[in-house]
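If you check Swiss-Prot, you get these features:
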{"type": "DOMAIN", "residues": "4-141", "note": "domain 'N-acetyltransferase 1'"}
{"type": "BINDING", "residues": "Ala80, Ala81, Val82", "note": "acetyl-CoA 1 binding site"}
{"type": "DOMAIN", "residues": "154-303", "note": "domain 'N-acetyltransferase 2'"}
{"type": "BINDING", "residues": "238-240, 245-251, 277-282", "note": "acetyl-CoA 2 binding site"}
Amino acid sequence: MGDITVRWTQRLDGETADAVRELLAAASAADGVAPVSEQAVLSLGEPGAARHLLAEHDGELAGYANLVPAHGDHPAMAEAAVAPARRGRGIGTALVREALAAGGADARVWAHGDRPAAKAVAARLGLRTARELWQMRRSLATPQLPELVVPDGIVLRTYAGPADDAELLRVNNAAFDWHPEQGGWTQRDIAVRRAESWFDPAGLFLATDTAAPDRVLGFHWTKVHADEQPPVGEVYVVGIDPAAQGRGLGRLLTLAGLHHLRERGLGGVLLYTEADNTAAVNTYTKLGFAPAHVDVAYAANGA
């Protein structure tokens, strides 16, 4: 079987980062689902809090895990992938065991798509389900989208550039102060995404009050996955200022983005939401979305 070694590093050199990207692409192609999140991919080339665990088999890269340390009330979160040609050798189990041990109390590991291999690793290590994230999808052709009607007192506009960033950050961090990945954003988080090839200012919608046009009430950031065939849109982030809740802004902003994506000629759209976020699930269900697959975060029993 050959020797398997694992080692941690705080920062990847360019060659190793490229090798990890190739491994992740191969795993995604083999499984039909990305093995790690967008944030984990971005961290490959960016200095930051994330740590990187590399597994080598016979001297070649065979697996990768990303670990974001615990911060505030949020436990450490890991994600892992194994090269398709190197599976069945215990590499996934070794990565998950080491990542959870390094993450400390209540550390968790994502299983994107919760595939049979991930379930087997969880069972082998005695892990429990700690969190579920649903991917929901709908066609943009049928059922027909509801009409977009902007109520009196609300202005709906698109992103005007970095001048909007302070308000965008304020609303995001207020809306997601409870969220381990989406909360606590900085200017850097927006700048990195603005530099991505998919970024389109015409697809980032902001709602303001006519009485206070400089204060953002909520936003909807859309995204297009051009690498999928056919391309698919995404309800990337919908954030509402807690002080503006109860005004129907979530539905309004979501609809604005859906109409925009349909006008771009896309046939389908996806989104991610916490399975236990009943209000969000109900809103999206009423807009024609249905669960497509589930991502599961596992933790050690008793953690």
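Cβ atoms here come from the backbone N, Cα and C positions, even for glycine.
Features per Swiss-Prot, on structure.
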| residue | record | contacts (Cβ under 8 Å, 6+ apart) |
| --- | --- | --- |
| Ala81 | acetyl-CoA 1 binding site | Leu23, Leu24, Ala27, Pro35, Val36, Gly63, Tyr64, Ala65 |
| Val82 | acetyl-CoA 1 binding site | Ala27, Ala55, Ala62, Gly63, Ile91, Gly92, Leu95 |
| Val238 | acetyl-CoA 2 binding site | Gly218, Phe219, His220, Trp221, Gly250, Leu253, Thr254, Gly257 |
| Ile240 | acetyl-CoA 2 binding site | Val171, Ala175, Leu217, Gly218, Leu249, Gly250, Leu253 |
| Gly246 | acetyl-CoA 2 binding site | none |
| Gly248 | acetyl-CoA 2 binding site | Pro151 |
| Asn277 | acetyl-CoA 2 binding site | none |
| Ala279 | acetyl-CoA 2 binding site | none |
| Val281 | acetyl-CoA 2 binding site | Trp134, Met136, Thr273, Ala275 |
**OP:** Restricting to the same chain and to sequence separations of six or more, state which residues have a Cβ under 8 Å from that of Ala80 (acetyl-CoA 1 binding site).
**Re:** Pro35, Val36, Leu53, Gly63, Tyr64, Ala65, Asn66, Gly92, Leu95, Val96, Ala99, Val109
**OP:** Would you list the other residues of this chain near acetyl-CoA 1 - those whose C-beta lies within 8 angstroms of the C-beta centroid of Ala80, Ala81, Val82 - in sequence order?
**Re:** Leu23, Ala27, Pro35, Ala55, Gly63, Tyr64, Ala65, Glu79, Ala83, Ile91, Gly92, Leu95
Original post:
What is the three-state DSSP composition of the domain 'N-acetyltransferase 1' (4-141), stated as helix, strand and coil residue counts?
Top reply: 50 helix, 47 strand, 41 coil
**OP:** Give the three-state DSSP assignment (helix, strand or coil) for Ile240 (acetyl-CoA 2 binding site).
**Re:** strand
